[in-house]
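**Q** Quick paste from Swiss-Prot:
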- 1-137: topological domain 'Mitochondrial intermembrane' (TOPO_DOM)
- 46-112: region 'Disordered' (REGION)
- 51-67: compositional bias 'Basic and acidic residues' (COMPBIAS)
- 138-158: intramembrane segment (INTRAMEM)
- 159-378: topological domain 'Mitochondrial intermembrane' (TOPO_DOM)
- 188-193: motif 'HXXXXD motif' (MOTIF)
Amino acid sequence: MFMVVCSNLRRPGHVGAASAARNINWLISEGYTPPIRAMARPYVQAPEARPVPDERYPGSQQDRKDIATQTVRSSKPKDLRPPSPPTPSQTLNSSSLPPPMSDQDADPSLDVPTGVAMPYNIDWIFPRLRNPSKFWYVVSQFVVSAVGIFSKVVLMFLNKPRVYNRERLIQLITKRPKGIPLVTVSNHYSCFDDPGLWGCLPLGIVCNTYKIRWSMAAHDICFTNKLHSLFFMFGKCIPVVRGIGVYQDAINLCIEKAALGHWIHVFPEGKVNMDKEELRLKWGVGRIIYESPKIPIILPMWHEGMDDLLPNVEPYVIQRGKQVTLNVGQPLDLNDFILDLKKRQVPEPTARKLITDKIQEAFRDLRAETEKLHRERN
């Protein structure tokens, strides 16, 4: 077979013969470089890629151009086209742009794109939380009871908690004036802060869907699919979209629950504070308090050791035998302060900031006290 192929290639005018002849001539004329020679050949940097000394450019660093990436060969024709007109975004100045959402006085449309990723559509959750059905309460009772018992076992039996002023929290949950909402605020050191901290409460509270708190949970962590969304929804968690400001359905729903006299728990830091630094509190809690039809009771709390119970590192396993300290502070008496803000018609963005600042001041004192109590246990 090989001889037949070679004889055919030797025929005059054969295309394969002409191609073979060209390849042989190219190899003979050293047009081909063996791989070993190519590897041994010394590397020479291209002239256009060599850096130019900065002394040739007396301007600032921002005015200098990167010659290595913008050098144009002299043989390339110049582009004589006129410059393109400016885009609409370039023609706008800062005075024509709308103010940020946190500084607006009216509730803007929630349909405005925010750039926040939405892994799962949560729009269907809010109507069910706003007007719960009888079926919702039945399922919620099972979920709340299961989570409450689990939290109590983990906190009270598997670890070593110490709660200061526990009766104060229980009294405000069960015996506050009818119709007056309760807003508890605390630091956020662990993903198990809620519901783990509520394991210190009696079973009559922690396993009662009518008495247990409403709480906001991150939409991109807790509400990522239908199953998780159902679980947290029946657990009285409200999906909050972090990064779109205080005017959103989660804050609106908290205000509605406050109008009904319910208990609402807020982590005003807005995230798990793994570094334990003093963060500026988010103003959403200020809006809930200021816009509530009835001024709520504001109860600050501080805890230490929850990040030891459930560390913020993999494999995220609940630990045993850890010391946890929960300190329930004094209720903040802001009634006169809030009434004065409303009487003077202080703009809502300013009012909610002033209220949040009051909570931040209470946090500083409560944190120092709780850290001291926690150190004394060790």
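Counting starts with 1 at the first residue shown.
Keep in mind that glycine also has a Cβ here, set from the backbone N, Cα and C atoms.
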**Q** Going by DSSP assignments with H, G and I as helix and E and B as strand, what are the residue counts for the motif 'HXXXXD motif' (188-193)?
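**A** Taking the motif 'HXXXXD motif' (188-193) as a whole: 1 helix, 0 strand, 5 coil.
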**Q** For the motif 'HXXXXD motif' (188-193), what is the mean per-residue pLDDT, to the nearest integer?
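**A** Here the mean pLDDT over the motif 'HXXXXD motif' (188-193) amounts to 98.
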